């Protein structure tokens, strides 16, 4: 929005041309989203407390979690609001990818909001029934997949890029739609499963989102893309502003969500942020790198799949409790130790993801 205004004002003073620089707008984006989260955060917490929108805690989980009962939840709405405002202010609203990611985030946020509302306000422990949640996730995921497929202008935009190998791009054809669907919906649910401890999901989301912003910047610059042997996707660089806003909003939320948390993001936040990460990874053609950098999300998801499969087949559980962060808690790890160690793992995996740019 402001980019269009400054473009007009630059006719009268050259100072305003500075806002054409993507890097500056990304910095302003992260600062704006951070400021909104920090300034509005306390007010949101007070409002949620007044409305008695508090977290319900499982009685069969770690006993240390019982004290979390009643902690305000649905704070993901604050993250979405901060990202949206910052992106609309500093992003190029003529860019299709900005709108795709924004709309996917908002759509999945609505699904999460309905689920949270039914659980917390209507006191329905099931929330939104799983089949309906998956149905709407599928609708929105497929809508994004079809749009990206039919608006792709080059074959590289729908090919699977294999990291660590030079010039290995697998043409996907219509299978691109299937892959995109699973990446978006899968990442959305993976972040949701990870969001079980104070700050556990939000910092890895910030780290992976920030890294994807760097990939978006490189993919959107034809010189960098050519040098690094990654596909050039015209316009994808503008997603750096969105990723910067995500990082700022996430860090601002972490201020209140760090142990002991004053607020939880709820499904409205985790489903939306996960879907946004998946969509960005698809646009910049780094689905496999997302799998690496988001290793914590993958680990949490796989632990649930293995636990359910093992119990159905053998009536025995592999882990004391799934997702796996609860397993470590029940083994005696203090909650902050689990959280920080998972953060450290994510930092290492993000660095591995960056290394794939040069190791080929």
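Quick reminder: no glycine exception, Cβ is built from N, Cα and C everywhere.
Lifted from Swiss-Prot, the feature list:
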type: TRANSMEM; residues: 27-47; note: transmembrane segment
type: TRANSMEM; residues: 73-93; note: transmembrane segment
type: TRANSMEM; residues: 97-117; note: transmembrane segment
type: TRANSMEM; residues: 145-165; note: transmembrane segment
type: TRANSMEM; residues: 168-188; note: transmembrane segment
type: TRANSMEM; residues: 199-219; note: transmembrane segment
type: TRANSMEM; residues: 236-256; note: transmembrane segment
type: TRANSMEM; residues: 263-283; note: transmembrane segment
type: TRANSMEM; residues: 288-308; note: transmembrane segment
type: TRANSMEM; residues: 337-357; note: transmembrane segment
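Beyond its flanks by at least six residues, the transmembrane segment (288-308) meets 160-163, 183, 186-187, 189-191, 193-194, 204, 207-208, 211-212, 215, 274, 277-278, 281, 317-319, 322-325, 327, 342, 345-346, 349-350, 352-353, 356 of its own chain at Cβ-Cβ distances under 8 Å. Sequence-distant neighbours of the transmembrane segment (236-256) (same chain, 6+ residues past either end, Cβ-Cβ under 8 Å): 22-23, 25-27, 29-38, 41-42, 45, 75, 78-79, 82-83, 86-87, 90-92, 95, 97-98, 101-102, 199, 202-203, 205-206, 209-210, 212-214, 216-217, 219-221, 262-263, 265, 269, 273, 276, 280, 283-284.
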